[in-house]
Amino acid sequence: MATLGDLGVGAALNILSAFLFFVVFAILRLQPFNDRVYFPKWYFKGLRESPTHSGAFVRKFVNLDFRSYIRFLNWMPAALKMPEPELIDHAGLDSAVYLRIYLIGLKIFVPIAFLAWAVLVPVNWTNNTLDLAKLANVTSSDIDKLSISNVPDKSQRFWSHIVMAYIFTFWTCYVLLKEYETVAKMRLHFLATEQRRPDQFTVLVRNVPPDADESTSELVEHFFLVNHPDHYLTHQVVYNANKLAKLVKKKKKMQNWLVYYRNKVSRSKNSTRPLMKTGFLGLWGNKVDAIEYYETEIEKLSNDIAEEKERVANDSKSIMPAAFVSFKTRWGAAVCAQTQQSRDPTIWLTEWAPEPRDVYWPNLAIPYVSLSVKRLIMGVAFFFLTFFFMIPIAFVQSFASLEGIEKAAPFLKPIGFIKSVVAGFLPGIALKLFLIFLPTILMIMAKFEGFTSKSSLERRAASRYYLFTFVNVFLGSIVIGTAFEQLNSFIHQSATEIPKTIGVAIPMKATFFMTYIMVDGWAGIAAEILMLKPLIIFHLKNFFLVKTDKDREEAMDPGSIGFNTGEPRIQLYFLLGLVYATVTPALLPFIIIFFGLAYVVFRHQIINVYNQEYESAAAFWPDVHGRVVSALIISQLLLFGLLSTKKAALSTPFLIALPVLTIWFYRYCKGRFEPAFVTYPLQEAMMKDTLERAKEPNLNLKGYLQSAYVHPVFRDCDDDEDNESIDKGENESVIVPTKRHSRRNTPVPSRMTGGSSPSLPDVVEDYAQP
């Protein structure tokens, strides 16, 4: 258990680390050769060019204007200057709403911290329960006297904690309600004012039933011409082009090498042809002419690509039972996406299509019927992953609970300063290191489950990450840490006293979370702006691997903000703050510093660095709201259990109403605001369609949508190749192609048989007219 002195050492180390990160960042971002690392977003937008300096050669690499170094923190006010509407135009609604999560943290915890320190801290401090508990071998420190553990059993002072729990709950719900309302309005306004996008007119259709007489493309066209005759426009069937994508990717890589060697020859003064070894990484193998080698390999790959492309176009097994169906109006797309298409609810399943940037194409090739099995397998795998991670959690808690271990084994007692470093700094950094590979593992699991958009993949990984941190980082740290801290007490007391000891010790685990917040939330956030990993990778790629301008763009691409990792981390801080607000208020200042610092840092990163891969119009907000509400309920239940161990029989029952009220609040918000994030109002769709027809009456919408959802691998193929074979499923005619013998549901004549439906003579007569 970290003492007040240990926390002081940890705070000093982390504050010093954060300050050094800021100073190093201030120096590195001013250097011309790092400009593409710290301002890549402006390069992608074409609003920034590489800085040029006349004069000395060194000025091209080093900024010699020493006055700019004095204002090394001027990036902070600069990050706060851009107003939110301009930020939405610059970075998108997803990024702007993501920043509001940090603002919610400040809105919730600043007033809560003021009340908790004004009311609860004096109530907890003016007792001597922990001093008496030390005589019974219960380990504690001076900072734990600020917690509820210092209040004696059956005390009337617990009423203050219950009243504060109600106040904290009502305030949190009020902030969440106002924020949900604000974000919902922002989303609807964004959808109403954003420019035309293919996903506004397009629906993803899954589980198209097989038909012996028609191909998937013909069947999709026939179905939607029959059931949406006034609104259907065109469609694009989904191909299993994963193998073709690998070949195209390999060809692009070799083309970059070819360009590099050709440039090398053109720039060299002698006419020597470059040589290379054909073995692994060019380390061994036969020496050959590099240009001839890559020209030969590219020609082979071009032939393989042409063959694979022909196979994909002609092999019926390569066509998946899914399609992107586009409509003439947003209203027509909204009706299709939000209604059941067939009497059988398991076929012709429709949902809004992700925007083309958001589509995760490899998973479209997964048969729909196998998704349930895949998700069951991943659910079991996630359970075992969560369970076995308790082992490293126990390892971390052994460092955080040295005092408890010392009492049971005095010979393990370390010397003073080393103990302060181990208890005040090492637990947080050790836990941070153990969690490094978790996001990658969870994203792989989400991809295996078959989600078809990058946004849904990130939301799935985020939900798993949050559940994982709740079980392991929060509950695991409390249970295992309590066992270590009170090890000597557990050994020498009867089994009936163990629950009471745990009840006293749970609030004292706040010291471990304080060390974790300082490492992850202070120094970790400061390290985020330094971008040490992207900085190193950019310069390594620029020196060893960059061969073309396109390679340089890829080298400086920092990626997106990482919702699957950032949002669950924020939710852990919400959980810690709400749980310990009434239990150990001393934790709250650490939380507030995190939210304030993170807001400034990530606002700077969103403005200058991160390049969002997709735009979901804040579709993730219901998940954010739900997780904060769940943290609130967890805090209420833990307080209820804690007061039960403190024998507060008269006051504890008054807490029962809190979870009930909170659940009612969640259901109210879900019914009131969530539809704005799940469905698209037909009224909004009609208004936008009407306005667009008035502004652009001659818009060629079919030409705009025709190739919007063609697999990107087909666009990456050679421009000279004819893509008609791939797109032959696209049909320009409104006449329904069918080979069925029975056409009772076909409202127009069949191009295949020339016959017509006798049940619809008027429609047939209309189509028969010239």
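Using the three backbone atoms N, Cα and C, a Cβ is placed for every residue, glycine included.
Nobody curates TrEMBL annotations by hand; they come from automatic prediction.
Taken from TrEMBL, the feature coiled coil applies to 291-318.
Taken from TrEMBL, the feature compositional bias 'Polar residues' applies to 745-759.
According to TrEMBL, the feature domain 'CSC1/OSCA1-like N-terminal transmembrane' maps to 9-179.
Residues or ranges marked as domain 'CSC1/OSCA1-like cytosolic' by TrEMBL: 200-363.
Look at TrEMBL and you will find 374-643 tagged as domain 'CSC1/OSCA1-like 7TM region'. The average pLDDT for the domain 'CSC1/OSCA1-like 7TM region' (374-643) in the predicted structure is 80.
The region 'Disordered' annotation in TrEMBL covers 720-770.
Residues annotated as transmembrane segment in TrEMBL: 12-30 (among others). Beyond the ends of the transmembrane segment (12-30), by six or more residues, the same chain brings 37-39, 63, 68-69, 72-73, 75, 421, 424-425, 518-519, 522-523, 525-527, 529-531, 535, 597 to within a C-beta distance below 8 angstroms of the stretch.
The feature transmembrane segment is assigned by TrEMBL to 101-120 (among others).
Among residues of the same chain six or more beyond the transmembrane segment (158-177), those with a C-beta under 8 A of the stretch's C-beta atoms are 104, 107-108, 111-112, 115-116, 119-120, 123, 148, 151, 578, 581-582, 625, 628-629, 632, 636, 639, 643, 646, 648, 651-652, 654-655, 658, 661-662, 665, 669. Residues or ranges marked as transmembrane segment by TrEMBL: 158-177 (among others).
Summarising the annotation, TrEMBL assigns transmembrane segment to 376-400 (among others).
Sequence annotations record features per position, and here TrEMBL assigns transmembrane segment to 420-444 (among others).
Look at TrEMBL and you will find 465-484 (among others) tagged as transmembrane segment.
Per TrEMBL, transmembrane segment is recorded for 513-532 (among others). Within the chain carrying the transmembrane segment (513-532), a Cβ under 8 angstroms from the stretch's Cβ atoms is held by residues 2, 7, 10-11, 14-15, 17-19, 21-22, 24-25, 28, 37-38, 400, 423-425, 427-429, 431-432, 473, 477, 558, 569, 573, 576, 580, 586-587, 590-591, 593-594, 597-598, 601-602, 604-605, 609, all 6 or more beyond its ends.
Here TrEMBL flags 572-602 (among others) as transmembrane segment. Only residues 6 or more beyond the boundaries of the transmembrane segment (572-602), in the same chain, are considered here, and those with a CB under 8 A from a CB of the stretch are 18, 76, 79-80, 98-99, 102-103, 105-106, 108-110, 112-113, 116-117, 120-121, 124, 143-144, 146-148, 161, 164-165, 168, 172, 466, 469-470, 473-474, 506-508, 510, 513-514, 517-518, 521-522, 525-526, 528-529, 561, 566, 627-628, 631-632, 634-635, 638-639, 642.
The transmembrane segment annotation in TrEMBL covers 624-643 (among others). With a threshold of 8 Å between CB atoms, the same-chain residues lying at least 6 positions outside the transmembrane segment (624-643) that come near it are 101, 104, 148, 158, 161-162, 165, 169, 172-173, 176, 179-180, 466, 470, 503, 506-507, 567, 571, 574-575, 578-579, 581-583, 651-652, 655-656, 658-659, 662-663, 665-666, 669.
Sequence-distant neighbours of the transmembrane segment (648-666) (same chain, 6+ residues past either end, Cβ-Cβ under 8 Å): 153-156, 158-159, 162, 165-166, 169, 173, 176-177, 626, 629, 632-633, 636-637, 639-640. What TrEMBL lists as transmembrane segment is 648-666 (among others).
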